[in-house]
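S.K.: First, the structure itself, so that you have it in front of you.
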Amino acid sequence: MEAVPSSDSYPAVENEHLQETPESNNSVYTSFMKSHRCYDLIPTSSKLVVFDTSLQVKKAFFALVTNGVRAAPLWDSKKQSFVGMLTITDFINILHRYYKSALVQIYELEEHKIETWREVYLQDSFKPLVCISPNASLFDAVSSLIRNKIHRLPVIDPESGNTLYILTHKRILKFLKLFITEFPKPEFMSKSLEELQIGTYANIAMVRTTTPVYVALGIFVQHRVSALPVVDEKGRVVDIYSKFDVINLAAEKTYNNLDVSVTKALQHRSHYFEGVLKCYLHETLETIINRLVEAEVHRLVVVDENDVVKGIVSLSDILQALVLTGGEKP
């Protein structure tokens, strides 16, 4: 879905960060990010879907599915500017807010326009669009993603007002990984997760195999997490239910019955699902990063030797450690 092209697809990258400096190796990734612009990461060709705010919500979500994208910038033709993003989180919020039962159609999803939903959703807390210039550094992009607790950052040309690209944690880490072998390896890359304390290890939001989808949606809304480990009666992870899985309800037009279990809702991908991507506290940060990038996933579930969930390590956690804190716990 969010594959990043090979290094050949990117504009030529200047390796000025390789010059000898007195800085410690622990800051090489920070220096790299500060010396490269968002423009450097934009592939020569990529798909971008834009929605007008007058579009029906339902049509917009179907369009996300059809185009294989997870989010789209919103264009307000009255204001002649981009005003926000429509994401799978919006789909989850609408379903959770308006679902009554399998027998009652969700009128708001079927009939509302995007602008109507935004008026309802943002009435208590107007949030201006968080975006970035193509000339801003990747360090600024990572800082903005983490500071604003967002997963998508539109790159908007300040002169034309056009959206050029959508930056994500995954794309930034993949870009860094393309050049990572050229750096002297920082000391913290050889340290374990346990030593570095990267990730979340308290109050992990989880669901059981029998948990209804509607309850899972409520946990997404309340905890603002992007995935929920699915555990058995002994707390062992057997699956994972992510926000991206929820959009399948639109693909299959099954969003009118949210009383089914998450296990049943996940059956659609059983033929290609390779299992939950896991890691252990004793594994090094380097191993974790390689696994995340190669598997193209957004997080790993930290487990013990019995597969009991101990924590979650997300791309956001990794980028914060690599770029903002130099391997130190923030």
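Numbering starts at 1 and runs along the chain as it is shown here.
Backbone N, Cα and C define each Cβ position, glycine as well.
Heads up, here are the entries from Swiss-Prot:
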- 43-103: domain 'CBS 1' (DOMAIN)
- ARG70, MET85, LEU86, THR87, ILE88, THR89, ASP90, VAL130, HIS151, ARG152: ATP 1 binding site (BINDING)
- ARG70, LYS170, SER242, LYS243, PHE244, ASP245, ARG269, LEU277, HIS298, ARG299: ADP 2 binding site (BINDING)
- ARG70, ARG152, LYS170, SER242, LYS243, PHE244, ASP245, ARG269, LEU277, HIS298, ARG299: ATP 2 binding site (BINDING)
- ARG70, LYS170, SER242, LYS243, PHE244, ASP245, ARG269, LEU277, HIS298, ARG299: AMP 2 binding site (BINDING)
- MET85, LEU86, THR87, ILE88, THR89, ASP90, VAL130, HIS151, ARG152: AMP 1 binding site (BINDING)
- MET85, LEU86, THR87, ILE88, THR89, ASP90, VAL130, HIS151, ARG152: ADP 1 binding site (BINDING)
- 125-187: domain 'CBS 2' (DOMAIN)
- 138-159: motif 'AMPK pseudosubstrate' (MOTIF)
- HIS151, THR200, ALA205, SER226, ALA227, HIS298, SER314, LEU315, SER316, ASP317: AMP 3 binding site (BINDING)
- 198-260: domain 'CBS 3' (DOMAIN)
- SER261: phosphoserine (MOD_RES)
- SER270: phosphoserine (MOD_RES)
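What's the neighbourhood like for each of these?
M.R.: Mapped onto three states, the DSSP output places LEU86 (ATP 1 binding site) in strand. Every protein chain considered, the tally of other Cβ atoms within 10 Å of the Cβ of LEU86 (ATP 1 binding site) stands at 24.
For the recorded site, ARG269 (ADP 2 binding site), the DSSP three-state label reads helix. Within the same chain, the residues at least 6 positions away from ARG269 (ADP 2 binding site) whose Cβ sits under 8 Å from its Cβ are ASP245, ASN248, listed in sequence order.
Following the DSSP three-state reduction, the secondary structure of ARG70 (ATP 1 binding site) is coil.
Counting Cβ atoms from all protein chains shown, ARG70 (ATP 1 binding site) has 20 others lying within 10 Å of its own Cβ.
Here VAL130 (AMP 1 binding site) comes close to SER144, ASN148, ILE150, LEU153: these same-chain residues lie at least six apart in sequence, with C-beta atoms under 8 angstroms from its C-beta.
Summarised by DSSP class, the composition of the domain 'CBS 2' (125-187) is 25 helix, 13 strand, 25 coil.
Same-chain neighbours of the motif 'AMPK pseudosubstrate' (138-159): 30, 32-34, 36-42, 70-71, 73, 82, 85, 87, 129-132, 165-169, 172, 175, 224, 226, 316, 319-320, 323-324, counting only residues six or more beyond its ends whose CB sits under 8 Å from a CB of the stretch.
In the three-state DSSP classification, SER316 (AMP 3 binding site) falls within a helix.
Residues near SER261 (phosphoserine) in space but far in sequence (CB under 8 A, at least 6 apart, same chain), listed by position: THR209, THR210, THR211, PRO212, VAL213. Taken residue by residue with DSSP, SER261 (phosphoserine) is part of a strand.
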S.K.: What does DSSP call ALA205 (AMP 3 binding site) in the simple three-state scheme?
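M.R.: Going by the DSSP assignment, ALA205 (AMP 3 binding site) belongs to neither helix nor strand, so it counts as coil.
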S.K.: What subset of the binding-site residues LYS170, PHE244, SER316 lies within 10 angstroms of HIS151 (ATP 1 binding site) at the C-alpha level?
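M.R.: LYS170, SER316, listed in sequence order.
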S.K.: Which binding-site residues (ASP90, LYS170, ALA227) fall within 10 Å of SER242 (ADP 2 binding site) by Cα distance?
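M.R.: Matched binding-site residues: ALA227, sequence order.
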S.K.: In sequence order, what residues of the same chain, 6+ apart, have a Cβ less than 8 Å from the Cβ of ALA205 (AMP 3 binding site)?
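M.R.: Within the chain, ALA205 (AMP 3 binding site) has Cβ neighbours under 8 Å at ILE219, HIS223, VAL225, LEU228.
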S.K.: Of these binding-site residues, MET85, ILE88, ALA227, LEU277, which scores lowest on Cβ atoms within 10 Å?
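M.R.: Looking at the binding-site residues MET85, ILE88, ALA227, LEU277, the Cβ with the fewest others within 10 Å is that of LEU277.
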